[in-house]
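Undergrad: Marked as domain 'DUF4116' by TrEMBL: 28-68, 99-139, 146-190, 192-237.
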Amino acid sequence: MDHRMIEEYYDHHELPCCNRRNWMIVFVKFRGIMLRYASENCRDDFEIVKLAVMNYGNSLRFASVRLQDNDEIVSMALHNSPIALQFASARLRSDFTNVKKAISKCGIAIQYASDNLKNDLEIANAAFDNNLVSLKYLPLTVLNQLALKFVTKNRKCLQYFPFSLLNDYDFMMKVIQAGGSLYYASSELQNDYKFVLAAVSKNGLYLQCASMELQRNSKIISAALAQNKRALDYLKKNKYY
């Protein structure tokens, strides 16, 4: 009997079958998600839930509250599916080992970590190393501390920074000096003469990221060309020169 037949059987025989322990043991071996059909007693059965999360980590969602707080069960669920962290108890979402294990495999799982661990620099670094998108879930205080390090590793990470930082003059000036791109700065900063002048003096090709008005500014153009002659190609292409 394959999992489709099992699910179809459950759809038609849910009430008389969901509390049969021996059946559930067999069923969750086939397909862990079948735990959703289990009775409360079976969802609180260590062996059944263990088999379910070993097959499909996210079946932790259907485990009892007691087993969602069980270290061994949650550890196995995270091994199989790191995103299952969202179904763990608050205590285990505050556990450094569990969270580190999850985000090392799936950085965006940090969104389900406790606020305390979201503020942990080691956790933040591990999440970043796995997936740039994880930056969307980091607190501003952490981003402020690690931003330049992140930018140095991968400039594309700026696309996941909040607008409040991308529009912060002092912060973005540090980013530019660290090698970050003007492309991700707010439109307000892309139209700021002093800011753009500093940016094109660092990298002349950033001229193409400046506002249309500043792309025509003679001093901005001169600074860009002085830094990188290839900026001339962009100017000619757009008939600014």
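Positions of Cβ are set from backbone N, Cα and C atoms, glycine also.
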Undergrad: Where else in the chain does the domain 'DUF4116' (146-190) make close Cβ contacts, counting only residues six or more beyond its ends and a cut-off under 8 Å?
TA: 121, 124-125, 128, 132-133, 135-136, 140, 196, 198-200, 202-203, 206, 209-211, 214
Undergrad: For the domain 'DUF4116' (146-190), give the DSSP counts of helix residues, strand residues and coil residues.
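TA: The domain 'DUF4116' (146-190) comes out at 34 helix, 0 strand, 11 coil.
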Undergrad: What counts of helix, strand and coil residues does DSSP assign across the domain 'DUF4116' (192-237)?
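TA: Split by secondary structure, the domain 'DUF4116' (192-237) comes out as 37 helix, 0 strand, 9 coil.
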Undergrad: Quick one: DSSP breakdown of the domain 'DUF4116' (99-139) into helix, strand and coil?
TA: 33 helix, 0 strand, 8 coil
